[in-house]
């Protein structure tokens, strides 16, 4: 498997290892799932004035903004419930940018909650990102998906019916 | 929830900016893109490439039916959920004779068990079906021991032959006598309903396959020739008895469709539009009916149950969990 680590794998990593494997094998979640549809809409409709969906390498950044001469990259989320994984996802983007010689600030956006949270890449958080990347690669290279384990997240997950059918 | 749209009248399908509408004799009817899963076309309809482009982009499938209500084909937008991994697994399970036979047997087993369940239901209601159930059970015992797909198909054919004989006893309506299974064209009213219902079932399953990572061209029971869709035929076997046949029992039993809903024409017998619409209404109601799903812990519709069946198949192909077909509990 040559699947490169992506932002969404980063986000899944904190929640469910099985999801990481499934996503990496292009077994994507049910697109009719209400939360996935909602996420798509929120992402589409919020922050219209900013540049959106910046693609570079295997990274898709939701939003890029000029913040007093500094580059600010943003990740838009429906709710701050899974803030830990959203943070890791954004740190991963900042890490990728840094590897390409671009220093940037990060901000998590929760339009529904009218909330923004700053995220900075420190040496500590960088180590966190690197170890996550390594472990994600190990998961992807597994022959089979990690076995299903029921967690609270399952309730609203787009893979719920796949895992439980 | 997205819904299928049925078109019976003649007219034109158009795209106007980012909306769709149908223009027929009775004027313009808009088709809500966000709420439409598929469009089932029975009338004489013309459309253009602009329309197809938009349909494809909106991930809506078009299913076409001929004058007799037979499935003609689909406009199947460029597959949008592609997983190379899943396609390889699907092919691997097809090429290996043993693996293919296992899955094919499970489809026939599912069909058999659901047929048996339907018959048991009517037996409990005083219908004299003992002999037929006995014969079917003897055949059912042979499924697991078959050594190739042809042998399996023969058993499946025999089960169906016995099963269709039971329709006369279940329906007890001399306007709908079974006689023998006849296709293209069907020779009697009951055969018309069976063919029409099966056509609907094939398209419903195809539409659900479209939302998974499976490739409909690789089937296990019905031989694959990589041109036609066959996986939907396979999976339909499981659901035909509990969805299509039960709809037939309802529309005939409740006199919703009567003898005069059919027309004779040069080629054969034909269900009139009014009859088709009545059948579809019952069919859609059936798909919407929910049942309690144990492992999911909530209720799911029959349509959803078809999707879950496909997920189970995916997990089998991935080597996670052995596939076991859905069997109705009543």
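Using the three backbone atoms N, Cα and C, a Cβ is placed for every residue, glycine included.
Since the structure is predicted, the reported quantities are computational estimates derived from the model, not experimental observations.
If you look up TrEMBL, you'll see B:156, B:222, B:237 marked as Mn(2+) binding site.
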- Message: My understanding is the cutoff is Cβ-Cβ under 8 Å with a sequence separation of 6 or more in the same chain; which residues meet that for residue B:156 (Mn(2+) binding site)?
- Response: B:108, B:111, B:112, B:221, B:237
- Report the same-chain neighbours of residue B:222 (Mn(2+) binding site): residues 6+ apart in sequence with Cβ closer than 8 Å to its Cβ, ordered by sequence. B:230, B:233, B:234
- In the same chain, which residues outside the set B:156, B:222, B:237 have their CB within 8 A of the centroid of the CB atoms that define the Mn(2+) site? B:104, B:107, B:108, B:111, B:153, B:221, B:233, B:234
